[in-house]
């Protein structure tokens, strides 16, 4: 305690004025100027922002001088992040090439040298700029060929009556990989990357050859379109038809094949649609019945706490009840362990205040 009191007293102004007052410096008061210039023991930390050779290294101005107030002196306390700083840390300087523009170095006021590019990076840039002229000519020739082929593909497709989606489906039939309509559209518009255009071109060339030679390609395309439409189609049942199916399910949850066909004819649905609906409805009923059985078992088990309800009185003092209702202020809780006889809580008188509107 004595050490703490001494340290606090050393850094607080005296009650009778500053060190320059008529009373002179007192033994418990340390002048801020002396505190700011304290160097500390050799090899130990210095105190204050003005310690060491130049505070410009940290990019902050030195601490302002003390300000005069009425009857005393205020000092500049230690700032955030500038507390006890080792002397060795003040002597560290930034390495060359890392100092930013406009930051002066500490050695003779010389400005840092600008960052130089490594020779490896320059070499790579030169290699990129100095491309082989023969390769560039080949790439340009390939681009022209791709443009001409894209125009030919579009003309052939429109002439034969194929859509872009049909071209993608027939590519799947012929080569086992279906392409989307967006891909064919982007190929014709030359919006794909150069690599993807080169990969897709041989497949489309084979499609053009098949379209010219194979007369059944249109029929194959239509059949594949129907198959894809069946895969993508999602069954939607009207509310009226769904209500009729619910009534039939209540009468017969598991109909036979003949009954399913009869129901499909009456409601205008496919047999598979009716069969799948009844299967899904039975599964839904099983899930709901299992949930109901679990709920009944939980309710039959009762409360997880042993013992009956115990009433605990509230803390003594006035309690405001709901206006118009004179109910006792007790909270019903369940105790995990029943209280033995003779250890019940003593009765506490509770004053219940009525509603302010009906009070006399």
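Every residue gets a Cβ built from N, Cα and C, even glycine.
Cross-referencing 230-289, 290-349 with Swiss-Prot places the feature DNA-binding region at 230-289. Comparing 12, 111 with the features listed in Swiss-Prot, the residue bearing the annotation phosphoserine is 111. Feature region 'DNA-binding', per Swiss-Prot, maps to range 193-196 of the set 173-176, 189-192, 193-196. In the predicted model, residues of the region 'DNA-binding' (193-196) average a pLDDT of 90. For the domain 'POU-specific' (138-212), the number of residues in each DSSP class (helix H, G, I; strand E, B; coil) is 62 helix, 0 strand, 13 coil.
Away from its own ends, the region 'DNA-binding' (180-186) comes close to residues 163-165, 167-168, 192, 200 of its chain (Cβ-Cβ under 8 Å, at least six residues beyond either end). Separating the Cα atoms of residue 164 (DNA binding site) and residue 236 (phosphoserine) is a whole-number distance of 28 Å.
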